[in-house]
Number of protein chains: 2
Amino acid sequence: MAKPKNAFYAQSGGVTAVINASACGVIETARRYKAKIGKVYAGRNGIIGALTEDLIDTSKESAEAIRALRHTPAGAFGSCRYKLKGLEENRAQYERLIEVFRAHDIGYFFYNGGGDSQDTAHKVSQIGERLGYPIVCVGVPKTVDNDLPFTDCSPGFGSVAKYVAVSIREAAFDVASMAKTSTKIFVMEVMGRHAGWIAAAGGLAAEKKGDAPHIILFPERVFDEAAFLARVDLVVKTHGYCAIVVSEGVKGKNGKFLAESGLRDAFGHAQLGGVAPVIAQLIKNKLGYKYHWAVADYLQRAARHIASRTDVEQAYALGRRAVELAVKGHNAVMPIIVRTANRPYKWELGVANLADVANVEKKMPEDYITEDGFGITRKCRTYLEPLIQGEDYPPYKNGLPHYVRLKNAPVKKKLGGEFKV
Amino acid sequence: MAKPKNAFYAQSGGVTAVINASACGVIETARRYKAKIGKVYAGRNGIIGALTEDLIDTSKESAEAIRALRHTPAGAFGSCRYKLKGLEENRAQYERLIEVFRAHDIGYFFYNGGGDSQDTAHKVSQIGERLGYPIVCVGVPKTVDNDLPFTDCSPGFGSVAKYVAVSIREAAFDVASMAKTSTKIFVMEVMGRHAGWIAAAGGLAAEKKGDAPHIILFPERVFDEAAFLARVDLVVKTHGYCAIVVSEGVKGKNGKFLAESGLRDAFGHAQLGGVAPVIAQLIKNKLGYKYHWAVADYLQRAARHIASRTDVEQAYALGRRAVELAVKGHNAVMPIIVRTANRPYKWELGVANLADVANVEKKMPEDYITEDGFGITRKCRTYLEPLIQGEDYPPYKNGLPHYVRLKNAPVKKKLGGEFKV
């Protein structure tokens, strides 16, 4: 019997609270198919690890360490923001990948990332074919932006959604307590430069009319200062305080991000960033209300301590299924989440072709935002609610989550020379 | 037998993740002393509720609702930032308090707050005496700032400490994953305008040399730009990335808060606030590293979902003990936490006199900060570590913490006229 081919796995782009759960699914499942898959090599810092032949031998990790990936946030092998160019523009990169895969007898390529990464995975499958080194390429979906097509949701999003909804609920309880004599406005900035999925998730914190958040600002809607200020004032006069979720991607009428709308330091350097302080200051200047603001930034996508159990289960299942698809001979595909029922929520795994997935961005439907542009519709809530269900607490040690750090032992290089990335 | 006197309870100043746990301790315990304590009236929005005769009848709340206060963040009755002036400066306010207490047959005054509030409680006990309306005044300590004297720690602090340590650990895992090609610097701003207790707590995330956070900036140390930048550069060159916790209270050589060091909007309006973006931008300008930053703001003190079990237990116990002290006839006192052992951590309840507590601020000891000014010492860690031990998860419903909202039924007013606050 031929020696089974090794597998290559890499994490790509912005990491999430559950991308390691997918890694866990890939590696644990590969270990169960020893007749078909040899070792799993991970790219150190994503695809760059493949290009530079900087591979990590995951077989050196104990079963316990790999299991702990399921509850460890961020990218255990390192990720990268590095988009391979088109096949014709930079054929050398693709050829290099195949060269490294050939040198290490790699027959499977698992790429854990968003739309760009699925495009890369697709191209690798094409070039492998052409260069006479066929490689089974399977994508594993991941992105907090929730913008991958075909899949009902993207792993990583559900946990950010839960974090954002929990955080705005808690902070709103705080500001409600203080509003009589002090802070009346709370602004929380969340991720989502191109789509309002994450901002929308904040809306889950409101169970009934009047609950926080009272206003959500979406990148899908041009910021209307007058309408916004009028609404803030009305909310404060009605409820005594106003809690606002704002997407980092909100733009003004001039098409520019509000976050870039002119913040300067004392030396005139532009752009310290952050749309929350811009919004808060605007309210203060125009309405006079005392404010507080928060920018969650990485905290939101790294918050494994409050991850959605649904999200963790899906992330793991997609990693597992990616390997199952590969050993069954499927190529250039990506496992996806298929929703089969809303209440109670039911989902199963499906499959999409990388050729169809690549570089297609799923937008938030128009009818997920209320007509006034400041909230989410019932339809949006029906979609989002299942994704934050369940908790999946990590183990704690000394009062803190006990996350694993792998050994990340290097695979001995076989190729001479350096490849410049 | 004489009808038992009613009790007045109020929450004061910035709220915390566990101040309601103290309220729970007060109310549940008062309900067990029916022969000595009638109803517990809460001040709506703190002491303002007493001055304006806006009282809440907590006897209208079910046992279940009161129990749920234990896991609900912020101030269930509303708090306020309102410091009563000195007795001689504003005697009318104190007389008004006594007038309201007399009208509602209130014989116990429980004031849940920081140093200022304990001062108020002390003065109320004095004026009651003088006006011939003796009232038992017992303080219940609370403050995320951890600056109350005598007590080993202040309820609210342990949970902020846990949130900050968890958050910087998680965000640091994220930035470590991204550092190869993208973000190398992460700056997280935390509360603590006058003392570095909260910033110090971030240091708990580091278990061994090289762990994040690599640098902590304390309000106790004047910001030394050159030394700081040199350290950042060294950390990035050694570990590939640098995670920084900065206290909002850090000041420059000119004695001004860095957060106020000249941020202006496009119209030249000063002070959008936030020291994290200032620090991040400084690093970018001087060292060129790509950054991300977060400002946790209210999220940190409202984060009941990740509260320290130790903190919750102490907050409850102090509320309970306040009532026990009162019914035993102790007056002008405040129950405190006494640490009796570090490993394993043991604590018991003690008692301090309000006369001693009032307006005394506990500073962070000099030897809690490392000599270079960028980290915490072993001694500091020994002090802090027990305070974040244990989790105390709230119940969840629909994927979100299920926090209670009380009915907060008003007590019928008995006095004519309005009192201007």
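Any Cβ shown, glycine's included, is placed from N, Cα and C.
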Candidate from A:GLU95, A:GLU99, A:GLU248, A:GLU348 that TrEMBL assigns to the same substrate site as A:THR143, A:VAL144, A:ASP145, A:MET191, A:GLY192, A:ARG193, A:TYR298, A:LEU299, A:GLN300, A:ARG301: A:GLU248
Whole-number Å value for how far A:GLY14 (diphosphate binding site) lies from A:GLU248 (substrate binding site) (Cα to Cα): 16
Neighbouring recorded positions, C-alpha within 10 angstroms of A:ARG301 (substrate binding site) - of A:GLY14, A:ASP116, A:LYS142: A:GLY14
Recorded positions near chain B, Cβ-Cβ under 8 Å, from A:GLY14, A:ASP116, A:GLU248, A:ARG301: A:GLY14, A:ARG301
From A:ASP116, A:LYS142, A:THR143, A:GLY192, A:LEU299: recorded positions whose CA lies within 10 A of A:GLY14 (diphosphate binding site): A:LYS142, A:THR143
Candidates A:LYS142, A:ARG301: member of the recorded positions with the richest Cβ shell (10 Å): A:LYS142
Cβ neighbours within the same chain of A:GLY192 (substrate binding site) - under 8 Å, at least six residues apart: A:ASP145, A:ILE198, A:ALA199, A:PRO219, A:SER247, A:GLU248, A:GLY249
Per DSSP, three-state class assigned to A:THR143 (substrate binding site): coil
Recorded positions: A:ASP116, A:ASP145, A:GLU248 - member with fewest neighbouring CB atoms within 10 Å: A:ASP116
Among A:THR143, A:VAL144, A:ASP145, A:MET191, A:GLY192, A:ARG193, A:GLU248, A:TYR298, A:LEU299, A:GLN300, A:ARG301, the record's substrate binders - longest CA distance, Å: 16
